[in-house]
């Protein structure tokens, strides 16, 4: 440290104090900041001189022009070394950080600064299966200046995230364990203001990186499930030729409605189905969409419970040779008991292994079904009493066909996951073509093999004395049963958001408004009454589902058709064209073209309404 002499104290030239300097460079009697010392400045330490600033010799107005704020000092090179200068000046100015800052339970991090300078990577990204490996690959690519690897939807676990954004809704909890605004984790270390309890901020949506091939398989995963097992019976209800034509037609119409919905999303710049309804027709349509989603998903899970009950009953009677002791009611109650703890799971990643095993069982089951159906057809020829049109029960075909193609809740998040969303129509078109061929082939093959003896669930039509059939009956039942928690995830989240987002649960409901049409969620992390109320609600939903399943145990095909007609037809064939009508006012185009589009939308709406009314009435009262 340079010393200007013994007759005057060191000073800062022109009133400037630089954080990078370890001491003043020259003396100046006219400087606005003087470091007074009661002893010889040569013998006094720099820290002692700084600690004894005379308040009357400090021109704070001039000093503050050349100093950054206290919180910004750590952003400067070597800023921590000169930090006590800023603290001393604040004391001189009458500001005491010790009295103004709220006490904290633990040290905070400098996340505000770090978040602005580093790539988006948090501990929660690593603390998932495969997360550490992905983090290593990304860091390695950054070091070599190469393109980061495409990791989105690369494994089955990440496909589950689609259910976390079912119908485009963000179903994450506001106060989840990964809250980035937790005061004890990421708030500024030396912030002067007192921060409130963390409030909800929507997470920044990541840009999609899924390739065309990955998107193709995502669509396949979303649409091909247990619904294919009910198609052979549906072909019996409609007739071989009529069913083939109707199923192909529904495949084409479903494709158009999915494309229409995606176009509406891009036009209005809204990510969720409910937001689109709110944007175009307000809360009534939004509420109708959410109710239809709830009813359809509850119907699917009830179907799963029925499916599992019938298969397990057949397995117990034919393989274990126990008849009359175990009834459908016993199996339904057992499923209810097992589903309650599963539905209480709030983290989708914990369902990854269950869902992966379930998908594997489904694939094995389809292979065995094709094998025995093909063998039956080659050995015995066409099944008995095959007709091209069944005039007495064809409405049942409509509901099953709609159910088979229903996957509208996953279309918006899948489109958002693409690196090139403009290619989604092409990918969806190819996927729907292959899926339609697959569905028609399954229905034709199994109905041709077993004729009018085909069961509601095709597995029950296979030779029950075969060990492989019995095992696949058991495994498929487990697969469908284990899929239930995943199907119920969006239902529970939507119901919770509708019930717990009101005055009854929040003293300040203004922060929970739905003026934008979005759903908001509170996990109950900070409120035990909310958490336990949600647990009771989820358990009640399971009891309701199992009750509905038991009451329809003798009418499985009717129940599936009713759910498809009453809940799924509006979701797929009425709401999207209804929303699309509003886009014609947003996109100036050829009037003739708009007129044709308007006619097409109105035709879809009318056909959808007629189908809902007629088929629902026919299923309930005529068949």
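Placement of Cβ uses the backbone N, Cα and C atoms for every residue, glycine included.
Model, not experiment: these values are computed from the prediction.
Listed ranges 89-125, 126-162; the one TrEMBL annotates as region 'Disordered' is 89-125. Counting same-chain residues at least six beyond the ends of the transmembrane segment (211-235), those with a Cβ under 8 angstroms from any Cβ of the stretch are 150, 152-154, 159, 162, 243-244, 247, 303-304, 307, 359, 362, 366, 369, 396-397, 400-401, 403-407, 410-411, 414, 417-420, 423-424, 426-428, 430-432, 434-435, 438-439, 442-444, 446-447, 450, 454-459, 461, 476, 479-480, 483, 557, 560. Most Cβ pairs under 8 Å with the transmembrane segment (559-575) belong to 393-414, among the candidate stretches 352-373, 393-414, 426-450.
The transmembrane segment (535-553) makes contact with the transmembrane segment (285-307), as judged by at least three Cβ pairs under 8 Å among residues 6 or more apart in sequence. Cβ atoms under 8 Å from those of the transmembrane segment (393-414) belong to residues 161-163, 165-168, 210, 215, 218-219, 222-223, 227-228, 230-231, 233-235, 237-239, 242-243, 246-247, 250-251, 254, 257-258, 261-262, 265, 271-273, 293, 296, 300, 424, 428, 432, 435, 439, 490, 557-558, 560-565, 568-569, 571-573, 576, 611, 614-615, 618-619, 622-623 of the same chain, restricted to positions at least 6 beyond its ends. Long-range contacts of the transmembrane segment (470-489) within the same chain: residues 160, 163-164, 166, 171, 225-226, 229, 297-298, 300-301, 304-305, 307-308, 311-312, 314-315, 318-319, 335, 338-339, 342-343, 345, 348, 351, 354-355, 357-362, 364-365, 368-369, 459-460, 464, 541-542, 545, each at least 6 residues beyond the stretch ends and with a Cβ under 8 Å from a Cβ of the stretch. Ranked by the number of CB pairs under 8 Å to the transmembrane segment (426-450), the listed stretches 241-264, 285-307, 595-617 are led by 241-264.
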